[in-house]
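Comments concern the structure below.
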Amino acid sequence: MNLTEYSHILFLSLCTLNFCLYSINSDDNGGWERGHATFYGGADASGTMGGACGYGNLHSQGYGLQTAALSTALFNSGQKCGACFELQCEDDPEWCIPGSIIVSATNFCPPNFALANDNGGWCNPPLKHFDLAEPAFLQIAQYRAGIVPVAFRRVPCEKGGGIRFTINGNPYFDLVLITNVGGAGDIRAVSLKGSKTDQWQSMSRNWGQNWQSNTYLRGQSLSFQVTDSDGRTVVSYDVVPHDWQFGQTFEGGQF
């Protein structure tokens, strides 16, 4: 990187800090807020697989290349996993590419308190930052920009098919990974019910979108209630058959 490029990135970084701390009034601007974005994961986004939401292979789970790791201020301890955001690069015509993208939250961008917020600590609180999969970033900005100011807002997630439930764990510890959630995309609460009981049991978030139950459920068909952050609930009755096995994935209803 030559001196001119370094000076540009340093200047942009300082401007970006001021940019991201200013919030747009959502009532006047359709919910748009301001933040900033960088990229990671390589040209093929292979470095974005896995992540703090627990989705694993983002291609097989349907999230693909349009993904983002969120800073602490946005990630909310995993509660925003699966949420969809529209982003557009703003206020830098030299590096911005017109148009917007929609990305899903699939990972956490951890803070780095050894670095200043305006000089490498992009994901430090209270900054609202998106570390985008590289192919997604390149749709709104040039590679050499490194970091750009963005406008962003929550948007509904459009998904094909139903909500997916992947059953992991052991007979006395069921860990259910929930993916492909439409609507708000992120989940507020999950309950399950075995076919041998009339009672719904609340599940607890273990990490990301992995939800746990300590109830013995082998030999029972399973039903799920999923409530998103908008407060809407989808019930998938007997979506898991009685002869289910750990490692299997089942598809239920959708928002």
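FYI, residue positions are counted from 1 along the chain as it appears here.
Cβ coordinates are placed from backbone N, Cα and C, and glycine is handled just like the others.
Fair warning: this is a prediction, and the values are worked out from it, not measured in the lab.
The disulfide bond recorded by Swiss-Prot for Cys89 joins it to Cys96 [selected from Cys84, Cys96]. Matching Swiss-Prot disulfide entries to the candidates Cys53, Cys81, Cys84 identifies the partner of Cys157 as Cys84. Here the Cβ of Cys89 (disulfide bond) has 25 other Cβ atoms within 10 Å, regardless of which shown protein chain they belong to. If you measure from the Cα atom of Cys53 (disulfide bond) to that of Cys84 (disulfide bond), you get 14 Å.
Neighbour density at the Cβ, taken as the number of other Cβ atoms within 10 Å, is lowest among the disulfide-bonded residues Cys84, Cys96, Cys157 for Cys96. Using a 10 Å radius centred on the Cβ of Cys53 (disulfide bond) and all shown protein chains, the other Cβ atoms total 29.
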